[in-house]
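The annotation signal peptide is assigned in TrEMBL to 1-27. The domain 'Thioredoxin' annotation in TrEMBL covers 25-142, 369-497. For CYS61-CYS64, CYS419-CYS422, the entry in TrEMBL reads disulfide bond.
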Amino acid sequence: MANSTFAKITVSLVLVSAFLLVQLAQADDSVIDYSNLSPDAFKSEIDSLDLVLVKFYAPWCGHCKRLAPEYELAAKKLAGDDPAVPLAKVDCTNENGGKDICSQNEVQGYPTVKIFRNGQASDYNDGRDADSIVKKMRSLAGPASKEFDSFEKLDSYYKTAKNLVVVGLFKSSDDSLYKQFIETANQNRDLASYVHLFEDKASDKFEKLVTLNADKSVKLPSIVLARQAHYRSKFEPDFLVYDASDDLKDWIQENSHGLVMARTQANSDVPKPNVVVYYNVDYERDPKGTNYWRNRVLKVASQYKDQDLTFAVSNIQTFASELNDFGLDMSRISKDPSPAVVAKDKDGKKYAMSEKFTYDSFKQFVQSFLDGKLEPFMKSEDEPDNEGAAVKVAVGKNFDKLVTKSDKDVFIEFYAPWCGHCKSLAPTWEELGNKLKDEPGVDIVKLDATANDVPDLFTVHGFPTLYWFPKDTKTPVKYEGGRDINDLLNYVAKHATDELDGYTRTGDVKRTDL
C-alpha cells in the first residue's frame, strides 16, 4: 500500500513538473528571442519591422526578473492587435550573439528597453507594467499625424489640446517638407501631438491667425508649433514657425516648453544650467493658480532668454525628494505657500534660494547665480577616518579627493542602507577590499547614495550600482558583471591601469616562490 501511494505521488509530481514546464514555455512564446542572432542578423530583423519593442537584459538582474512577467503579459496582449505589435528580448550575457548585439546598441545597464521604428532606435521611458507598455506601443502603432479635413476642426483641436501641438500645412503629400514632418513625427511621438492639413482643406484663416500671434509669417508649406492654451502668455508668441535652418526634431525640442517648462515625471530632466521653482503646479485642478506663479517666473525668465539657462516649474509634492537634496526643510516649506527655488550649474553644483519668493528676490537670485556669487550646497555625511580601511568610505565632502582626483584606480559601490542586494554584496565587497588592501594602485570604495550627493558624472538609478574609475582616463565605466568574489577580483586584475602586485591579469595569485 505504501509503495502504491509513493508511486502515485511520484507520478503526480512528474505530471505537475511537466505541466509547469509547458506553461513556462508557452508564457515565453509571445516574446521574440533574438539572443542567438549575430549583430548583423539582428539589425536585419529589426530593419524589416515597422515597430518593435526590445528588452535588453541579464538573467541575474533583479530588475529584469521583476519586468519579465509584465513584459510577457504585454506581449500577449499586443500579439492579438491588428496590426500586431511585436515585443522582443536579447540576453546580453549570451555568448552566441546577444552580448555583441547589446554592445552594438550601447546598452549600459539592465534592463534597457528600446523602441525600434523602421530600424531607428529610441529609448522607452514609460512605465514598466503591462498596461503602460501596451498603452505606449498602441499609441505608437497608429498614424504619426492626424489629418484634418477642415480648419474648424483643427482650430477646435489645438485650442483644447493638453499637449504641445505641431501643425503641418502642406500643398500635397508630395511636399518634401511633408515627408520630413511625417518622419520626425514617427520617430518622436513623445515630443508633441502632430496634425496636418492639405491646401484644398485649409483656409487662409489659420495663416492669418498664426501670423498675428507668431514669431514670423506663414506660407504654405509650413510647420507651426502651437503652444498649449495654458502655456500662452504675453512674454512669448503663441505660435512658432519652422524656418528649416535647424533639424526639425531639435527645433521642436528646443521650443517645446517655451521660456519656462512645466515638469512632469515624463519630462523631468532639465538641461543644465537651470533654475527650478517648486510649488503646487497642477494644470488639471488649478490652472489659474499654477499660472499665477509661473507668470512671475516668466517675467524674470524673459529677461534672460539669450542666456544659456533653462527655467522650469515643478510640483512640490511630486519632486519633494529633490528639495531634500538641496538641504531645504520640507516641514517649513509645507507651511509656506510661496515657491521654493533651486539652481544647478553646468557642473551639477547645487544652489538654493533662502529668501522668500518675490519678483525682486527671485531676480536677484538668478543674477547672483549667473555671476557665480552663490555658495553651493553639498549633501554629505561627516568625513570618516579611512586610515587602514580595506574598503574606504566616500562621502560628499571627500569624494573628489578619494575618487575623481585620486591618483589610483577606484572601484566604487553606490549603495543604500535599506537595500537587500546591497546587504548581500557587503561581505563580498569587504573581502575584495581585504584582498586588494596592499595594492598601491587600486582603492575599493563605497558611498551611501541616500545620504551623500552623487556627482553627475555617475548615473545611479538603482542599488547597488558599481563603477570602475580608471586613474588615467577619469571616465567612469559601469560594472555589469557577476558579483561573486572571483568575478570582481578578475575584473579589477584585468582592468587595472598597472598590473596588480599580487595577481596576474587573469586574476590568479602570483607565485612568490620563484
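Glycine too: its Cβ is placed from the backbone N, Cα and C atoms.
Here the features listed in TrEMBL are placed on the structure.
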{"residue": "CYS61", "record": "disulfide bond", "contacts (Cβ under 8 Å, 6+ apart)": "TYR110, PRO111"}
{"residue": "CYS64", "record": "disulfide bond", "contacts (Cβ under 8 Å, 6+ apart)": "LYS55, TYR57, ALA58, TYR110, PRO111"}
{"residue": "CYS419", "record": "disulfide bond", "contacts (Cβ under 8 Å, 6+ apart)": "PHE463, PRO464"}
{"residue": "CYS422", "record": "disulfide bond", "contacts (Cβ under 8 Å, 6+ apart)": "GLU413, TYR415, ALA416, PHE463, PRO464"}
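DSSP places the residues of the domain 'Thioredoxin' (369-497) in helix, strand and coil in these numbers: 35 helix, 25 strand, 69 coil. The domain 'Thioredoxin' (25-142): residue composition by secondary structure is 50 helix, 25 strand, 43 coil, according to DSSP. In the predicted model, the domain 'Thioredoxin' (369-497) shows an average pLDDT of 95.
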